[in-house]
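Student: Structure provided below as structure tokens; questions to follow.
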Amino acid sequence: MRQHLIMGNWKLNGTKASVEALVEGLKAPVAAAANVEVAVCAPVIFLGQVEQLTAGSALKYGSQDADVHTSGAFTGENSPVMLKEFGCKYALVGHSERRTLHAETDAVVAAKFVAIQAADLVPVLCIGETLEQFEANQTNAVVEAQLKAVIDVAGIEALAKSVIAYEPVWAIGTGKTATPEIAQAVHAHIRAYLAGFNADVAAKVQVLYGGSMNAANAADLLAQADIDGGLIGGASLKVADFTAIIEAAAK
Ligand SMILES: O=C[C@H](O)COP(=O)(O)O
């Protein structure tokens, strides 16, 4: 039985005041949902604040990216080792906004995946197709290629110590959510594809859905057999909305 994982991705949002209000507001709902793991992926600049605010709480946190390097002359980057020192459990890798806006290739994503695990963080590997690919019926092929790029470099066993987030790019921040049936079909395909390499890994790995998950649609998505949680952008910025998603996962 895979535990539900509800993960917020704040993207490039927040102030010191809003971060404090959000974390403080989430403490009680997180404590009440003992059967669900809840995490937030904060902008790196707020991680020290999140570390202090979450002390003694079950709320976990992570970064939205990590560099492949541990240290050195790489201006502007953040090392997985540094993220670990600040108490991160997770690091997103390969989010579609990184792939698109920062030209991160499958090879870069795979290298980052390995670097994140080497620092004892859990990579949250984001995969998903564009609208054009969806309409061309290429979803399964796209997610397979994105997974294969990581498996080739990290090995299938490494996936057992990771989380996968299926995020159809056409559903991110658009208000268009994949129907529970569409999302479940892709999640099941991801698991079947992984089972072709290693059935135990496929059965164990949590596969989250991301893309306009909100308080209204979370329960139906989370009821699907192969949807083990959510990676939530916009709705993770409001205590009430994120709490409703946590509560839906706890049922
Ligand atoms: O990482 C989160 C996803 O990009 C989903 O964002 P969204 O919930 O705002 O659509």
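Glycine is no exception: its Cβ is also placed from the backbone N, Cα and C atoms.
Predicted, not measured: the structure shown is a model, and the values here were computed from it.
Pulled from TrEMBL, these are the listed features:
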- ASN9, TRP10, LYS11, GLY173, SER212, GLY233, GLY234: substrate binding site (BINDING)
- HIS95: active site, electrophile (ACT_SITE)
- GLU167: active site, proton acceptor (ACT_SITE)
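What's the neighbourhood like for each of these?
Tutor: Annotation note: ASN9 (substrate binding site) sits in a strand segment as assigned by DSSP. There are 27 other Cβ atoms within 10 Å of the Cβ belonging to ASN9 (substrate binding site).
Reduced to three states, the DSSP call for HIS95 (active site, electrophile) is coil.
For the recorded site, GLU167 (active site, proton acceptor), the DSSP three-state label reads coil.
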Student: Would you mind reading off the Cα separation of TRP10 (substrate binding site) from GLU167 (active site, proton acceptor), to the nearest angstrom?
Tutor: 15
Student: Can you name the recorded positions among ASN9, LYS11, HIS95, GLY173, GLY233 whose CA is within 10 A of the CA of GLU167 (active site, proton acceptor)?
Tutor: HIS95
Student: Hey, of the binding-site residues listed (GLY173, GLY233, GLY234), which one tops the CB count within 10 A?
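Tutor: Max Cβ neighbours within 10 Å, all protein chains included: GLY233.
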Student: Around the substrate site formed by ASN9, TRP10, LYS11, GLY173, SER212, GLY233, GLY234, list the extra residues of the same chain whose Cβ is within 8 Å of the site's Cβ centroid.
Tutor: ILE172, ILE232, ALA235, SER236, LEU237
Student: Please compare the recorded positions LYS11, HIS95 by how many other CB atoms fall within 10 Å of each one's CB, and tell me which has the fewest.
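Tutor: Least crowded of the recorded positions LYS11, HIS95, by Cβ count within 10 Å, is LYS11.
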Student: Given the substrate binding site residues ASN9, TRP10, LYS11, GLY173, SER212, GLY233, GLY234 in the record, what is the largest Cα to Cα distance, rounded to whole Å?
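Tutor: With ASN9, TRP10, LYS11, GLY173, SER212, GLY233, GLY234 as the binding residues for substrate, the largest Cα distance is 14 Å.
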